[in-house]
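**Q** Here TrEMBL flags His307 as active site, proton acceptor. Annotation source TrEMBL lists glyoxylate binding site at Tyr30, Tyr146, Arg181, His307, Arg310. Among the features that TrEMBL reports, FMN binding site is placed at 83-85, Ser112, Gln144, Thr172, Lys283, Ser305, 339-343, 362-363. The domain 'FMN hydroxy acid dehydrogenase' annotation in TrEMBL covers 4-413.
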Amino acid sequence: MSRQQQLVPISIADLEHNAHITLALNALDYYRSGANDMQTLKDNQDAFSRIRLRPRILRDVSKVDTQTTLLGHTVGSPICIAPTAMQRLANDAGEKATARAAAKAKKCMILSSWSTTSAEDTIEAGKEVPEDLSSPGLPLYWFQLYVYKDREVTEQLIRRVEKAGYKALVITVDTPFLGRRLADVRNVFKLPAHMNMANFEHKDSKVTMATILDENPAEAQAESLLERTAQNGPEAAATGRTTKVVRQESSLAAYVVSQIDPTLNWKDIAWVRSVTKLPVVVKGVLTAEDAALAAEIGVEGILVSNHGGRQLDGVLATIDALPEVLDAVKGKNVEVYVDGGVRKGTDVLKALALGAKAVFLGRPILWGLAHDGEDGVTLALNLIQQEFELAMALAGCCKISDITRNHVQHGTDARSRL
Ligand SMILES: Cc1cc2nc3c(=O)[nH]c(=O)nc-3n(C[C@H](O)[C@H](O)[C@H](O)COP(=O)(O)O)c2cc1C
Ligand SMILES: CC(C)CC(=O)C(=O)O
(Lines of atoms letter the chains of each structure in order from A and count residues from 1; the text may use other names and numbers.)
(Lines give C-alpha, C1' and ligand atoms only; values in the text may rest on other atoms or scores of the structure.)
(Ligands and ions follow the chains in the order given, each with its own letter.)
Protein backbone atom coordinates (compact mmCIF):
# COMPACT_ATOMS: atom_id res chain seq x y z
CA MET A 1 0.00 0.00 0.00
CA SER A 2 1.48 3.36 -0.95
CA ARG A 3 1.62 6.23 1.47
CA GLN A 4 -1.16 8.78 0.87
CA GLN A 5 0.03 11.74 -1.16
CA GLN A 6 -0.88 15.34 -0.50
CA LEU A 7 -2.47 17.13 -3.45
CA VAL A 8 -1.85 20.55 -4.95
CA PRO A 9 -5.25 21.85 -3.86
CA ILE A 10 -7.65 23.05 -6.53
CA SER A 11 -10.86 22.37 -4.61
CA ILE A 12 -12.14 22.27 -1.04
CA ALA A 13 -12.13 18.47 -1.32
CA ASP A 14 -8.38 18.58 -2.01
CA LEU A 15 -7.80 20.76 1.05
CA GLU A 16 -9.78 18.27 3.13
CA HIS A 17 -7.78 15.37 1.69
CA ASN A 18 -4.54 17.07 2.72
CA ALA A 19 -5.79 17.92 6.20
CA HIS A 20 -6.56 14.25 6.76
CA ILE A 21 -2.88 13.55 6.20
CA THR A 22 -1.29 16.43 8.07
CA LEU A 23 -3.45 17.09 11.12
CA ALA A 24 -2.91 15.35 14.45
CA LEU A 25 -5.67 12.83 15.07
CA ASN A 26 -6.97 14.67 18.15
CA ALA A 27 -7.63 17.77 16.02
CA LEU A 28 -8.65 16.02 12.81
CA ASP A 29 -11.27 13.91 14.56
CA TYR A 30 -12.59 16.90 16.50
CA TYR A 31 -12.96 18.87 13.28
CA ARG A 32 -14.33 16.19 10.98
CA SER A 33 -16.71 14.36 13.30
CA GLY A 34 -20.45 14.50 13.35
CA ALA A 35 -22.67 13.12 16.08
CA ASN A 36 -23.32 9.38 16.50
CA ASP A 37 -23.67 7.62 13.11
CA MET A 38 -22.96 10.88 11.28
CA GLN A 39 -26.04 10.49 9.06
CA THR A 40 -26.82 14.18 9.07
CA LEU A 41 -23.19 15.09 8.47
CA LYS A 42 -23.27 13.04 5.25
CA ASP A 43 -26.73 14.20 4.24
CA ASN A 44 -25.74 17.87 4.47
CA GLN A 45 -23.59 17.34 1.39
CA ASP A 46 -25.72 14.67 -0.31
CA ALA A 47 -28.79 16.92 -0.18
CA PHE A 48 -27.09 19.50 -2.39
CA SER A 49 -26.62 16.82 -5.06
CA ARG A 50 -30.36 16.07 -5.04
CA ILE A 51 -31.06 19.65 -6.12
CA ARG A 52 -30.59 20.34 -9.82
CA LEU A 53 -29.90 23.63 -11.53
CA ARG A 54 -32.00 25.28 -14.26
CA PRO A 55 -29.61 27.59 -16.11
CA ARG A 56 -30.66 30.48 -18.33
CA ILE A 57 -28.74 31.22 -21.51
CA LEU A 58 -27.80 34.20 -23.71
CA ARG A 59 -27.67 36.76 -20.91
CA ASP A 60 -24.29 38.52 -21.35
CA VAL A 61 -22.45 37.16 -18.35
CA SER A 62 -19.13 38.80 -19.20
CA LYS A 63 -19.14 40.52 -15.80
CA VAL A 64 -20.27 38.84 -12.60
CA ASP A 65 -20.67 40.78 -9.36
CA THR A 66 -21.17 38.91 -6.07
CA GLN A 67 -21.48 41.89 -3.74
CA THR A 68 -24.33 41.77 -1.28
CA THR A 69 -25.42 43.17 2.07
CA LEU A 70 -25.68 41.47 5.44
CA LEU A 71 -27.75 43.31 8.03
CA GLY A 72 -27.05 46.55 6.24
CA HIS A 73 -23.30 46.07 5.70
CA THR A 74 -21.90 45.64 2.20
CA VAL A 75 -19.63 42.62 1.77
CA GLY A 76 -17.83 41.26 -1.27
CA SER A 77 -19.76 38.02 -1.43
CA PRO A 78 -22.50 35.94 0.24
CA ILE A 79 -19.87 33.31 1.07
CA CYS A 80 -19.07 33.68 4.77
CA ILE A 81 -17.16 31.99 7.56
CA ALA A 82 -19.06 30.00 10.20
CA PRO A 83 -17.87 29.98 13.81
CA THR A 84 -15.63 27.04 14.61
CA ALA A 85 -14.04 26.60 18.01
CA MET A 86 -10.33 26.19 18.69
CA GLN A 87 -8.79 27.11 15.35
CA ARG A 88 -5.25 27.07 16.70
CA LEU A 89 -5.48 23.27 16.61
CA ALA A 90 -5.20 23.64 12.83
CA ASN A 91 -2.46 26.26 12.66
CA ASP A 92 -0.78 28.30 15.36
CA ALA A 93 -2.03 31.58 13.85
CA GLY A 94 -5.57 30.22 14.25
CA GLU A 95 -8.35 32.80 14.39
CA LYS A 96 -5.98 35.67 13.53
CA ALA A 97 -5.16 33.99 10.22
CA THR A 98 -8.86 33.50 9.49
CA ALA A 99 -9.64 37.12 10.36
CA ARG A 100 -6.92 38.38 7.99
CA ALA A 101 -8.12 36.16 5.17
CA ALA A 102 -11.68 37.40 5.76
CA ALA A 103 -10.44 41.00 5.61
CA LYS A 104 -8.62 40.43 2.33
CA ALA A 105 -11.65 38.81 0.76
CA LYS A 106 -14.12 41.34 2.27
CA LYS A 107 -16.07 38.49 3.72
CA CYS A 108 -18.09 38.06 6.89
CA MET A 109 -16.48 36.00 9.65
CA ILE A 110 -18.25 34.77 12.75
CA LEU A 111 -15.86 34.23 15.65
CA SER A 112 -16.68 31.38 18.05
CA SER A 113 -17.10 32.09 21.78
CA TRP A 114 -14.67 29.18 22.14
CA SER A 115 -11.87 30.62 20.09
CA THR A 116 -8.25 30.07 20.99
CA THR A 117 -7.59 33.78 20.27
CA SER A 118 -9.48 36.49 22.14
CA ALA A 119 -12.26 38.44 20.43
CA GLU A 120 -10.14 41.62 20.67
CA ASP A 121 -6.96 40.10 19.21
CA THR A 122 -8.88 38.42 16.39
CA ILE A 123 -10.60 41.56 15.13
CA GLU A 124 -7.39 43.59 15.54
CA ALA A 125 -5.60 41.13 13.24
CA GLY A 126 -8.31 41.70 10.63
CA LYS A 127 -8.07 45.47 10.97
CA GLU A 128 -4.32 45.37 10.33
CA VAL A 129 -4.98 44.29 6.74
CA PRO A 130 -4.85 47.42 4.52
CA GLU A 131 -8.23 48.42 3.16
CA ASP A 132 -8.75 47.47 -0.48
CA LEU A 133 -10.37 50.48 -2.13
CA SER A 134 -10.59 48.90 -5.56
CA SER A 135 -14.07 47.56 -4.85
CA PRO A 136 -16.84 48.52 -2.44
CA GLY A 137 -17.48 46.64 0.77
CA LEU A 138 -15.60 45.92 3.96
CA PRO A 139 -14.89 42.81 5.95
CA LEU A 140 -17.48 42.15 8.60
CA TYR A 141 -17.05 40.43 11.95
CA TRP A 142 -19.88 38.89 13.94
CA PHE A 143 -19.56 37.13 17.29
CA GLN A 144 -21.06 33.73 18.11
CA LEU A 145 -22.41 33.63 21.63
CA TYR A 146 -22.81 30.63 23.87
CA VAL A 147 -25.04 31.71 26.73
CA TYR A 148 -23.27 30.81 29.96
CA LYS A 149 -25.13 29.72 33.07
CA ASP A 150 -23.56 32.76 34.66
CA ARG A 151 -25.34 35.67 32.97
CA GLU A 152 -22.67 38.07 34.28
CA VAL A 153 -20.04 36.17 32.24
CA THR A 154 -22.34 36.32 29.21
CA GLU A 155 -23.04 40.02 29.59
CA GLN A 156 -19.36 40.89 30.08
CA LEU A 157 -18.57 39.04 26.88
CA ILE A 158 -21.28 40.98 25.05
CA ARG A 159 -19.81 44.28 26.28
CA ARG A 160 -16.34 43.26 25.15
CA VAL A 161 -17.38 42.29 21.64
CA GLU A 162 -19.50 45.41 21.22
CA LYS A 163 -16.46 47.50 22.16
CA ALA A 164 -14.13 45.52 19.92
CA GLY A 165 -16.28 46.22 16.83
CA TYR A 166 -18.28 43.06 16.16
CA LYS A 167 -21.47 43.97 14.30
CA ALA A 168 -23.90 41.20 15.33
CA LEU A 169 -24.40 38.55 17.99
CA VAL A 170 -25.05 35.06 16.68
CA ILE A 171 -26.62 33.05 19.49
CA THR A 172 -26.15 29.31 19.11
CA VAL A 173 -29.39 27.64 20.19
CA ASP A 174 -28.78 24.00 19.29
CA THR A 175 -26.28 23.14 22.02
CA PRO A 176 -27.97 22.84 25.43
CA PHE A 177 -25.75 19.75 25.68
CA LEU A 178 -23.02 18.65 23.34
CA GLY A 179 -23.88 16.06 20.68
CA ARG A 180 -22.19 12.71 21.10
CA ARG A 181 -19.09 12.62 18.89
CA LEU A 182 -17.62 9.20 19.34
CA ALA A 183 -14.11 9.96 18.12
CA ASP A 184 -13.63 12.67 20.74
CA VAL A 185 -14.57 10.19 23.44
CA ARG A 186 -12.17 7.59 22.05
CA ASN A 187 -9.33 10.06 21.65
CA VAL A 188 -9.89 11.52 25.13
CA PHE A 189 -9.94 14.93 23.41
CA LYS A 190 -7.78 17.57 25.07
CA LEU A 191 -6.74 21.09 24.17
CA PRO A 192 -2.92 21.29 24.19
CA ALA A 193 -1.61 23.04 27.29
CA HIS A 194 -0.25 26.07 25.40
CA MET A 195 -3.74 26.96 24.09
CA ASN A 196 -6.83 28.06 25.91
CA MET A 197 -10.33 29.38 25.41
CA ALA A 198 -8.89 32.86 25.07
CA ASN A 199 -12.08 34.77 25.80
CA PHE A 200 -12.03 33.35 29.32
CA GLU A 201 -8.33 33.35 30.05
CA HIS A 202 -8.27 36.03 32.75
CA LYS A 203 -7.19 34.51 36.01
CA ASP A 204 -10.27 35.90 37.77
CA SER A 205 -12.57 34.50 35.10
CA LYS A 206 -15.30 32.38 36.61
CA VAL A 207 -15.17 30.01 33.67
CA THR A 208 -13.13 26.91 34.42
CA MET A 209 -11.53 25.02 31.56
CA ALA A 210 -10.22 22.19 33.70
CA THR A 211 -11.99 19.43 31.80
CA ILE A 212 -10.51 20.22 28.43
CA LEU A 213 -6.99 21.38 29.19
CA ASP A 214 -4.31 18.81 28.68
CA GLU A 215 -2.37 18.01 31.82
CA ASN A 216 -0.23 15.45 30.04
CA PRO A 217 0.57 16.87 26.61
CA ALA A 218 3.03 14.21 25.51
CA GLU A 219 0.44 11.48 25.80
CA ALA A 220 -2.81 12.99 24.60
CA GLN A 221 -1.72 14.38 21.23
CA ALA A 222 -2.09 11.54 18.78
CA GLU A 223 0.09 12.01 15.72
CA SER A 224 -0.95 12.93 12.21
CA LEU A 225 -1.44 10.23 9.57
CA LEU A 226 1.93 11.16 8.11
CA GLU A 227 3.69 10.53 11.40
CA ARG A 228 1.75 7.39 12.16
CA THR A 229 2.57 5.98 8.73
CA ALA A 230 6.23 6.78 9.05
CA GLN A 231 6.53 5.11 12.44
CA ASN A 232 4.28 2.11 12.17
CA GLY A 233 3.59 1.41 8.51
CA PRO A 234 0.32 1.98 6.68
CA GLU A 235 -1.73 -0.53 8.64
CA ALA A 236 -1.20 1.16 11.97
CA ALA A 237 -1.88 4.48 10.28
CA ALA A 238 -5.21 3.23 9.03
CA THR A 239 -6.32 1.90 12.38
CA GLY A 240 -4.98 4.78 14.48
CA ARG A 241 -4.96 4.54 18.24
CA THR A 242 -6.56 1.47 19.64
CA THR A 243 -5.87 1.90 23.34
CA LYS A 244 -7.23 3.81 26.27
CA VAL A 245 -10.94 4.28 25.99
CA VAL A 246 -11.02 5.54 29.52
CA ARG A 247 -14.06 7.81 29.57
CA GLN A 248 -17.62 7.55 28.39
CA GLU A 249 -18.04 11.27 27.86
CA SER A 250 -15.75 13.66 26.02
CA SER A 251 -14.07 16.45 27.94
CA LEU A 252 -15.90 18.93 25.69
CA ALA A 253 -19.26 17.48 26.62
CA ALA A 254 -18.30 17.77 30.28
CA TYR A 255 -17.28 21.39 29.73
CA VAL A 256 -20.61 22.20 28.12
CA VAL A 257 -22.46 20.62 31.04
CA SER A 258 -20.44 22.67 33.51
CA GLN A 259 -20.77 26.06 31.75
CA ILE A 260 -23.52 26.30 29.15
CA ASP A 261 -27.09 26.91 30.23
CA PRO A 262 -29.42 24.07 29.20
CA THR A 263 -32.42 26.06 30.46
CA LEU A 264 -31.94 28.46 27.53
CA ASN A 265 -35.31 29.44 26.06
CA TRP A 266 -36.97 32.20 24.05
CA LYS A 267 -37.06 34.52 27.10
CA ASP A 268 -33.26 34.42 27.13
CA ILE A 269 -33.15 35.49 23.50
CA ALA A 270 -35.36 38.42 24.49
CA TRP A 271 -32.98 39.06 27.41
CA VAL A 272 -29.95 39.20 25.11
CA ARG A 273 -31.84 41.61 22.86
CA SER A 274 -32.62 43.77 25.90
CA VAL A 275 -28.96 44.10 26.93
CA THR A 276 -27.46 44.97 23.54
CA LYS A 277 -28.10 47.20 20.57
CA LEU A 278 -26.35 44.76 18.27
CA PRO A 279 -28.57 42.84 15.87
CA VAL A 280 -29.21 39.25 16.93
CA VAL A 281 -29.05 36.16 14.74
CA VAL A 282 -30.23 32.78 16.08
CA LYS A 283 -28.09 29.90 14.85
CA GLY A 284 -29.52 26.40 14.80
CA VAL A 285 -33.08 26.86 13.53
CA LEU A 286 -34.38 23.90 11.49
CA THR A 287 -38.17 24.19 11.49
CA ALA A 288 -40.90 26.56 10.33
CA GLU A 289 -42.33 26.60 13.87
CA ASP A 290 -39.12 27.92 15.43
CA ALA A 291 -38.49 30.31 12.57
CA ALA A 292 -41.91 31.86 13.18
CA LEU A 293 -41.13 32.24 16.91
CA ALA A 294 -37.77 33.81 16.15
CA ALA A 295 -39.40 36.33 13.82
CA GLU A 296 -42.08 37.07 16.42
CA ILE A 297 -39.43 37.87 19.04
CA GLY A 298 -37.88 40.24 16.52
CA VAL A 299 -34.46 38.76 15.80
CA GLU A 300 -32.73 40.25 12.80
CA GLY A 301 -31.38 37.00 11.37
CA ILE A 302 -31.87 33.24 11.32
CA LEU A 303 -29.03 30.87 10.51
CA VAL A 304 -30.47 27.54 9.38
CA SER A 305 -27.94 25.13 10.81
CA ASN A 306 -27.60 21.65 12.28
CA HIS A 307 -24.16 22.52 13.63
CA GLY A 308 -22.47 20.66 10.80
CA GLY A 309 -24.21 17.41 11.81
CA ARG A 310 -22.54 17.52 15.22
CA GLN A 311 -25.57 17.82 17.47
CA LEU A 312 -28.78 15.80 16.88
CA ASP A 313 -27.99 13.08 14.37
CA GLY A 314 -30.88 12.30 12.03
CA VAL A 315 -32.18 15.84 11.55
CA LEU A 316 -32.82 17.18 8.05
CA ALA A 317 -29.97 18.37 5.91
CA THR A 318 -29.93 22.14 6.23
CA ILE A 319 -30.55 22.78 2.54
CA ASP A 320 -33.71 20.65 2.88
CA ALA A 321 -34.84 22.58 5.96
CA LEU A 322 -34.21 25.98 4.34
CA PRO A 323 -37.44 26.26 2.27
CA GLU A 324 -39.79 25.78 5.23
CA VAL A 325 -37.89 28.34 7.28
CA LEU A 326 -38.05 30.83 4.44
CA ASP A 327 -41.76 30.26 3.94
CA ALA A 328 -42.40 30.77 7.67
CA VAL A 329 -40.80 34.21 7.73
CA LYS A 330 -41.96 35.44 4.33
CA GLY A 331 -42.75 39.15 4.50
CA LYS A 332 -40.98 39.55 7.87
CA ASN A 333 -37.91 41.67 8.27
CA VAL A 334 -35.54 38.75 8.94
CA GLU A 335 -32.52 37.67 6.93
CA VAL A 336 -32.14 33.90 6.51
CA TYR A 337 -28.76 32.23 6.07
CA VAL A 338 -27.71 28.59 5.86
CA ASP A 339 -24.65 26.51 6.75
CA GLY A 340 -23.76 22.84 6.52
CA GLY A 341 -22.14 20.89 3.69
CA VAL A 342 -21.39 23.88 1.46
CA ARG A 343 -18.29 22.80 -0.42
CA LYS A 344 -18.69 24.02 -4.02
CA GLY A 345 -19.70 27.07 -5.96
CA THR A 346 -22.81 25.28 -7.20
CA ASP A 347 -23.84 24.64 -3.55
CA VAL A 348 -23.73 28.39 -2.94
CA LEU A 349 -25.79 29.03 -6.06
CA LYS A 350 -28.40 26.45 -4.99
CA ALA A 351 -28.71 27.90 -1.48
CA LEU A 352 -29.15 31.42 -2.83
CA ALA A 353 -31.61 30.23 -5.46
CA LEU A 354 -33.73 28.73 -2.69
CA GLY A 355 -33.69 32.13 -0.96
CA ALA A 356 -30.77 32.18 1.50
CA LYS A 357 -29.17 35.60 1.85
CA ALA A 358 -25.76 34.03 2.51
CA VAL A 359 -24.01 30.75 3.21
CA PHE A 360 -21.49 30.00 5.94
CA LEU A 361 -18.58 27.55 5.71
CA GLY A 362 -17.31 25.64 8.74
CA ARG A 363 -14.88 22.82 8.04
CA PRO A 364 -13.56 24.15 4.67
CA ILE A 365 -11.99 27.05 6.54
CA LEU A 366 -10.32 24.66 8.97
CA TRP A 367 -8.94 22.59 6.07
CA GLY A 368 -7.55 25.81 4.57
CA LEU A 369 -6.00 26.80 7.90
CA ALA A 370 -4.43 23.38 8.28
CA HIS A 371 -3.03 23.62 4.75
CA ASP A 372 -1.26 26.96 5.06
CA GLY A 373 -2.55 29.29 7.76
CA GLU A 374 -3.80 32.63 6.45
CA ASP A 375 -2.83 31.79 2.85
CA GLY A 376 -4.65 28.48 3.15
CA VAL A 377 -7.86 30.19 4.29
CA THR A 378 -7.46 32.71 1.47
CA LEU A 379 -7.06 29.80 -0.93
CA ALA A 380 -10.18 28.05 0.42
CA LEU A 381 -12.21 31.26 0.10
CA ASN A 382 -10.86 32.02 -3.37
CA LEU A 383 -11.49 28.51 -4.67
CA ILE A 384 -15.14 28.52 -3.68
CA GLN A 385 -15.59 32.17 -4.69
CA GLN A 386 -14.24 31.45 -8.19
CA GLU A 387 -16.43 28.38 -8.48
CA PHE A 388 -19.44 30.43 -7.43
CA GLU A 389 -18.72 33.17 -9.98
CA LEU A 390 -18.37 30.55 -12.72
CA ALA A 391 -21.58 28.81 -11.62
CA MET A 392 -23.42 32.15 -11.67
CA ALA A 393 -22.18 32.93 -15.16
CA LEU A 394 -23.04 29.47 -16.49
CA ALA A 395 -26.53 29.80 -14.99
CA GLY A 396 -27.00 33.19 -16.64
CA CYS A 397 -26.68 35.35 -13.50
CA CYS A 398 -24.60 38.55 -13.40
CA LYS A 399 -25.53 39.73 -9.93
CA ILE A 400 -26.95 38.23 -6.76
CA SER A 401 -30.46 39.53 -7.40
CA ASP A 402 -30.51 37.62 -10.72
CA ILE A 403 -30.50 34.33 -8.79
CA THR A 404 -34.05 33.07 -8.28
CA ARG A 405 -36.02 29.96 -7.29
CA ASN A 406 -36.47 29.26 -11.00
CA HIS A 407 -32.79 28.31 -11.08
CA VAL A 408 -33.37 25.14 -9.03
CA GLN A 409 -35.55 22.07 -8.92
CA HIS A 410 -35.62 18.90 -6.85
CA GLY A 411 -34.16 15.79 -8.50
CA THR A 412 -34.36 15.01 -12.18
CA ASP A 413 -38.13 15.22 -12.68
CA ALA A 414 -38.90 18.42 -14.56
CA ARG A 415 -42.18 18.72 -12.59
CA SER A 416 -40.32 18.91 -9.26
CA ARG A 417 -39.89 22.68 -9.33
CA LEU A 418 -39.17 24.15 -5.90
C1 LIG B 1 -14.72 21.86 14.53
C2 LIG B 1 -16.00 22.62 14.60
C3 LIG B 1 -16.20 23.49 15.65
C4 LIG B 1 -17.39 24.20 15.72
N5 LIG B 1 -17.54 25.12 16.71
C6 LIG B 1 -18.66 25.83 16.78
C7 LIG B 1 -18.81 26.83 17.77
O8 LIG B 1 -17.93 27.08 18.57
N9 LIG B 1 -19.98 27.50 17.80
C10 LIG B 1 -21.00 27.25 16.92
O11 LIG B 1 -22.04 27.87 16.99
N12 LIG B 1 -20.86 26.34 15.94
C13 LIG B 1 -19.72 25.64 15.85
N14 LIG B 1 -19.57 24.73 14.85
C15 LIG B 1 -20.62 24.59 13.82
C16 LIG B 1 -20.34 25.55 12.64
O17 LIG B 1 -20.55 26.87 13.03
C18 LIG B 1 -21.24 25.27 11.44
O19 LIG B 1 -22.58 25.23 11.87
C20 LIG B 1 -20.91 23.97 10.71
O21 LIG B 1 -19.55 23.67 10.79
C22 LIG B 1 -21.33 24.09 9.25
O23 LIG B 1 -21.12 22.89 8.58
P24 LIG B 1 -19.84 22.57 7.63
O25 LIG B 1 -18.71 22.28 8.57
O26 LIG B 1 -20.31 21.38 6.90
O27 LIG B 1 -19.58 23.77 6.77
C28 LIG B 1 -18.39 24.00 14.76
C29 LIG B 1 -18.18 23.11 13.70
C30 LIG B 1 -17.00 22.43 13.61
C31 LIG B 1 -16.78 21.49 12.46
C1 LIG C 1 -16.55 23.03 22.11
C2 LIG C 1 -17.80 23.00 21.35
C3 LIG C 1 -19.03 23.26 22.15
C4 LIG C 1 -17.73 23.90 20.20
C5 LIG C 1 -18.69 23.44 19.19
O6 LIG C 1 -19.69 24.06 18.98
C7 LIG C 1 -18.43 22.24 18.44
O8 LIG C 1 -17.43 21.57 18.66
O9 LIG C 1 -19.27 21.90 17.60
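Placement of Cβ uses the backbone N, Cα and C atoms for every residue, glycine included.
No curator has checked TrEMBL annotations; they are predicted automatically.
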**Q** If you measure from the Cα of Arg181 (glyoxylate binding site), which of the binding-site residues Ala85, Gln144, Arg343 is the nearest?
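**A** Going through Ala85, Gln144, Arg343 one by one, the Cα closest to that of Arg181 (glyoxylate binding site) is Ala85.
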**Q** Validating a neighbour-count step here. Other CB atoms within 10 A of the CB of Tyr30 (glyoxylate binding site): how many?
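**A** Taking all protein chains shown, Tyr30 (glyoxylate binding site) has 25 Cβ neighbours within 10 Å.
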**Q** Three-state secondary structure of Arg343 (FMN binding site) from DSSP?
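**A** It is coil.
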**Q** What whole-number value in Å do you get for the largest C-alpha pair distance within Tyr30, Tyr146, Arg181, His307, Arg310, the residues recorded as binding glyoxylate?
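**A** 19 Å is the greatest Cα spacing among the residues binding glyoxylate.
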**Q** Within 10 Å of the Cβ of Tyr146 (glyoxylate binding site), how many other Cβ atoms can be counted across all chains shown?
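**A** The answer is 22.
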**Q** Quick one: of the recorded positions Tyr146, Arg181, His307, flag those whose CB is under 6 Å from ligand 1, and say none if nothing qualifies.
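**A** Only His307 meet the Cβ criterion.
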**Q** Using a Cβ cut-off under 8 Å and a sequence separation of 6 or more, which residues in the same chain sit near Ala85 (FMN binding site)?
**A** Ser112, Ser113, Trp114, Ser115, Thr116
**Q** Return the member of His307, Asp339, Arg363 nearest to Tyr30 (glyoxylate binding site) in space, with distance defined Cα to Cα and candidates limited to these recorded positions.
**A** Arg363
**Q** Using a 10 Å cut-off, grab the number of neighbouring Cβ atoms around the Cβ of Lys283 (FMN binding site), all chains included.
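**A** Around the Cβ of Lys283 (FMN binding site), 25 other Cβ atoms lie within 10 Å.
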**Q** Applying a 10 Å Cβ distance cut-off over all chains shown, what neighbour count does the residue listed as 'active site, proton acceptor' have?
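**A** I count 24 other Cβ atoms within 10 Å of it.
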**Q** Whole-number Å only: compute the distance from the Cα of Asp339 (FMN binding site) to the Cα of His307 (active site, proton acceptor).
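**A** The separation of the Cα atoms works out to 8 Å.
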